[in-house]
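Heads up, the thing below is written out as structure tokens.
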Amino acid sequence: MGNVHVLDHPLIQHKLTYIRDKHTGTKEFRELVDEVAALMAFEITRNFPLQEKTTETPMMEATTNVLAGKKVGLIPILRAGLGMVDGMLNLIPAARVGHVGMYRDPETLTPHEYYVKLPSDIEERELIVLDPMLATGGSANDAIYSLKKRGARQIRLMCLVGAPEGVEVIQNEHPDVDIFLAALDERLNDDGFIVPGLGDAGDRLYGTK
Ligand SMILES: O=P(O)(O)OC[C@H]1O[C@H](OP(=O)(O)OP(=O)(O)O)[C@H](O)[C@@H]1O
Ligand SMILES: O=c1cc[nH]c(=O)[nH]1
Ligand SMILES: [Mg+2]
């Protein structure tokens, strides 16, 4: 079963509080999501392999470390996942970005895929699926199946807020996928929204409500 990592770094938790706050406007919401994504990138890359390199410092020749060249693919689930891309790219600038378009029917809560465009070598890349919200888990579940169908082999899922229901779906359907969250919330309400949550992530990012 995939591990669930709740990234409880104080800076992440502090910023998440203002992301949740209903008084936070679109501009600030977008900036905070960007910042938290960068902080989460710092944590999610913690186990990336290093290799030794000989470096001449101004003082002497030294054996130092550089990243061992792990190839990364960032896969935002449109729309709301887009809000996490730039923050991640700040720390992993060589990552390629693939897009999966998915919307959740507000009545049935069923996800519908409407767009897929991926780097050609996804089978060689460590893919990080990005979406602020893991609610019923339907969207992330379908997006991960869609990636696997196209050859993906290594996938992690990174969300700001997860519900236990969504976590369970991913753990059951994709035991090979580790989940990284800034918070694991209480539950879903009757409309399929995470509570306490942060509301509709896409609408808050792009000011569409
Ligand atoms: O876990 P689930 O129950 O599938 O719900 C989560 C999904 O719902 C939201 O997207 P939405 O469908 O609102 O699309 P948007 O990002 O375009 O607003 C959110 O960004 C996730 O993709
Ligand atoms: O709480 C939720 C659930 C699904 N999508 C959102 O944007 N928010
Ligand atoms: Mg939305």
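Cβ coordinates are placed from backbone N, Cα and C, and glycine is handled just like the others.
Those TrEMBL annotations? Automatic predictions, nothing curated.
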Residue among R30, R46, R104 sharing the 5-phospho-alpha-D-ribose 1-diphosphate site, where TrEMBL lists R79, D131, P132, M133, L134, A135, T136, G137, G138, S139, D200 as binders: R104
Nearest of the binding-site residues (D131, M133, A135) to I194 (uracil binding site) - Cα to Cα: A135
Integer Å distance between the CA atoms belonging to A201 (uracil binding site) and S139 (5-phospho-alpha-D-ribose 1-diphosphate binding site): 14
Site with most surrounding Cβ atoms, counting all protein chains shown within 10 Å, from the binding-site residues D131, D200: D131
